[in-house]
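**Student:** Have a look at this one before I ask anything.
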Amino acid sequence: MEPPGAARARPLPPLLLLLLGAVCLRPALGLYTVNATYGDTIIMPCRQEVPDDLMFGKWKYEMTNESPVFIAFRSSTKKSVHYDDVPDYKGRLSLSENYTLSIKNARISDEKRFVCMLVTEDNVFEEPTIVKVFKRPSQPEILHQANVLETEKLKMLGECVARDSYPEGNITWYKNGNVLHHDAGAVVIHLENTVDRSTGLFTMTSSLQYKPKKADAKAQFSCSVTYNGPSGSETIQSESLVFDVHYPTEKVTIQVLSQSSTIKEGDNITLKCSGNGNPPPQEFLFYIPGETEGIRSSDTYIMTDVRRNATGEYKCSLTDKDLTGSTTITVHYLDLQLIPSGEVTKQVGEALPVSCTISSSRNATVLWIKDNTRMQTTPSFSSLQYQDAGNYICETTLQEVEGLKKRKTLLLTVEGKPQVKMTKKTYLNKASKTIICHVEGFPKPAVQWTIASTGTVINQTEETKYVNGKFSSKIEIAPEENVTVTCIAENQLERTVTSMNVSAITFPETDEAEDRNDDNTEKVNDQAKLIVGIVVGLLLVALIAGIVYWLYMKKSKTASKHLKRQNMSVIIPENTYRTIEA
């Protein structure tokens, strides 16, 4: 049956028809290849120059051992196009005016030898084109992954699958980026390719059996597919995977979990035992100093409020293997003993030995503090004074151990009975006299002034500040006659009374030294003057008596001579002799 348009063309000469049939069966000598991507449009130009006397052009495809199949016809005179009724190409063909053939939606079945035929009245021209179709496979992925790999056991790691490839590709396995090669007993690789009969596309499947080592615990496994594409060889990589590799514990370690680098008494200690296997062991035996048997526990063991006897070597081991780890723990301690301590009361002048004894796990520093002021030396009391009273603290610290500090306190009280001495001050330009009562004692004595002759209490007094058990109380008086002033000092221990005679004489007097003290009874200026007057009077009496005696003796000698002449004697009365002697 003639195609449309061809029936209206001039009939071909018999010789040309015979030649055309012979050419159709003859293999083409020249080869031109078109590379197409699966699903794209195949474009095949007719590589023969279009002659001027062209009648029509035709496209056919040829397959080995099969008759050619015509698929497209175009008349040069009528400009009409006819597509043959070939099911595989129905609706997919397009033939242009320059006889370029386009095939939409490239398939694997389009991989054939196509021929462009240009026919004139005298000749037939043919140009063959070979069509190659390529399909990029999907990204390979590892399926049927092993959940766990065990060392020294050959096990299926997984399958690397790459789908829908044309032509078929090749799969390669990698560990940490290095190619894995078949190694009997350690690496076994099996590749299998299948084809989809409806599409002609290949699926490549490669399985890997692998015997891991401990070093493979974090190894990254991957695979790739290599295939031939339109532009040459191409490779697509899969995602990397890390498999859980199980291996036995070969080493056990024990460590101390603590917030501080050192441990002191009262701290809590957490011991953690671990094994280097995978999975790690979950149960251990802990060996504690002083315990004869191991204590079964999880990977941690807690001790609270540890004491110094917890110092020693700690061990842990597996419950089913003789693998042991050990560590040494030192529990630091610090003891302080202050003798005496607490509240201590002593009398002034007493001795008080003080000792602060330290016992510690390391060398400790000791310092003394009195009333919030650091002391340069250790306190020592051979004779207590009032200024020795105060709050003493002995403090010791272990510098290398955080928070290890101890302190004890001695609250020392120094007591004393009131000690009193009185002094007097006079002034040239004042008629009054200042009487001072110097008081020493603890607790602080209360002071009262009185006039001895009348019992009058003097309330107008002035006191100095009470410091180190001492203070002064003074009064100012201008007596019109000689008086005796009494200073009374009293605390819980004793009452002390001291008096002083104050004369009404207003002439200037030498002040008494303030540090004189005659056992609480001071001989004051008025008494001294009285004694001086008496002494001077006695001296005058003695002088007069001497003169009288001399005159008497002179007279006696004269009388004696006279008596001798008269043989008479004179007797001197006894009382008269004693008076003169005095």
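Positions of Cβ are set from backbone N, Cα and C atoms, glycine also.
According to TrEMBL, the feature signal peptide maps to 1-30. Look at TrEMBL and you will find 128-237, 248-330, 349-411, 418-498 tagged as domain 'Ig-like'. Residues or ranges marked as transmembrane segment in TrEMBL: 530-552.
Mind running through what each feature is packed against?
**Tutor:** Averaged across the domain 'Ig-like' (128-237), the predicted model reaches a pLDDT of 95.
Here the domain 'Ig-like' (248-330) has, by DSSP, the following mix of helix, strand and coil residues: 3 helix, 40 strand, 40 coil.
Remark: secondary structure over the domain 'Ig-like' (349-411) totals 3 helix, 31 strand, 29 coil, with classes taken from DSSP.
Secondary structure counts, DSSP: the domain 'Ig-like' (418-498) has 0 helix, 51 strand, 30 coil.
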